[in-house]
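J.: Quick one: the structure is below, and I'll ask about it shortly.
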């Protein structure tokens, strides 16, 4: 299958807003973008993003579109879809309201018609916002285009959902008092029954109120009529203090950065995933430069150890990977994390990863397509004999133990619960569901395993990292990427304790 990875075509759309939900006289200024995120010989994926640049909250939205070349949608996620060309999309409950400055996004996958990934006109009520029509920073194999819909028309205000678990009754049960969680810039449902960490209720992932409230400003619990956090009390924060070791300085720094410049050129690589619970290579003083502190290890109960010479749990010692090395979202398009790389002087180096929209070894992977245009910055904490050049083995709880396994003993789980040795939960889900299932099915399966292994045992931080993989990382299976070495953000060095900036030795060449 010949993949055209990373091809993105933006289109400014007319955005249909449900008139009954709008207050009289309010002026909406939403920017709506249709993007072809990936295309291969017979199919495509695309996303539609609605950004509220207006002066009031958008309460309810609807968009419609029609393919004229025979293209057809085969699956969707994060929206209720109806019709068989034309198509209409409406919210799934938790993304009904769009606070000022926030956005919602949903995606579709389909089969191509007689042309390459047609960009249809999307109709609805007028979107009044102005947005950039510049191409995405993803390397493009085709020219980008931008079209403003000049003749929008009203779309149906009542669209039934064709996505399991997205009916109005089930959606409303995940929402708590017309509130949602602004999880580092992404609106996420609040849980009704889960008291701490992340949960999975009524067919979707949700965040407990205490966990949501523990985020730094401006994030937290928001009203559907306001983007201002409603709860950040010290009592709420203290109840989940154990689930986050991020310092206040780190939190404030993380909230001030939402994007990084795109990579110009760069090196070719790909990302895999693992979490083996072992003490990492960079945890020994002999493996880091003399002016750099080694990575601290933790005990079996996740308490930091001051003795850097403690042996690895994978060799019978008491040193484990600390749970604060989970990946985390900074914005909807930027995340930070930690990774194993190939051998050499890598400890403490940071790399910008820009995902191209295709998989390294799984052609047509819907998760890799949905990940297109997103960026990660990872710090190297480990090396692996099974990690090749250009490969970044990202630390993801539930990502597979790989060559070593100290997790079964540390977490009290069976080997079978850990999923596939290489690939973890997602690989096990693909074995269970087959390799032609929809992205929403893969995500749901992974989230169920996150809840079963971590949520049921109160392993909140690990559950957050696992959920991040399904949500922000789009359950992408070994996505291809462009990368380059960059200065390390304070958010990463504060957590790891490794800061090699004094060495001023960033490499600008590909291996």
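The backbone N, Cα and C atoms fix where each Cβ goes, and this holds for glycine too.
The signal peptide annotation in Swiss-Prot covers 1-29 and is backed by experimental evidence. Among the features that Swiss-Prot reports, domain 'CBM2' is placed at 30-130, with the record citing sequence analysis. Residues or ranges marked as region 'Disordered' in Swiss-Prot: 137-173. Taken from Swiss-Prot, the feature domain 'CBM10' covers 180-209. Per Swiss-Prot, the feature active site, nucleophile maps to 276; the stated evidence is sequence analysis. The active site, proton donor annotation in Swiss-Prot covers 393.
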J.: Whole-number Å distance between the CA of residue 393 (active site, proton donor) and the CA of the residue listed as 'active site, nucleophile'?
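T.: Cα of residue 393 (active site, proton donor) to Cα of the residue listed as 'active site, nucleophile' measures 11 Å after rounding.
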J.: For the residue listed as 'active site, proton donor', list the number of other Cβ atoms lying within 10 Å of its Cβ atom.
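T.: Around the residue listed as 'active site, proton donor', other Cβ atoms within 10 Å: 27.
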J.: Kindly assign residue 276 (active site, nucleophile) to one of the three DSSP-derived states: helix, strand or coil.
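T.: Once the DSSP labels are grouped into three classes, residue 276 (active site, nucleophile) ends up as coil.
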J.: What same-chain residues, at least 6 away in sequence, bring their CB to under 8 Å of the CB of residue 276 (active site, nucleophile)?
T.: 314, 321, 401, 402, 403, 404, 405, 406, 407
J.: Can you break down the domain 'CBM2' (30-130) into helix, strand and coil residue counts using DSSP?
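T.: For that range the per-state counts are 0 helix, 52 strand, 49 coil.
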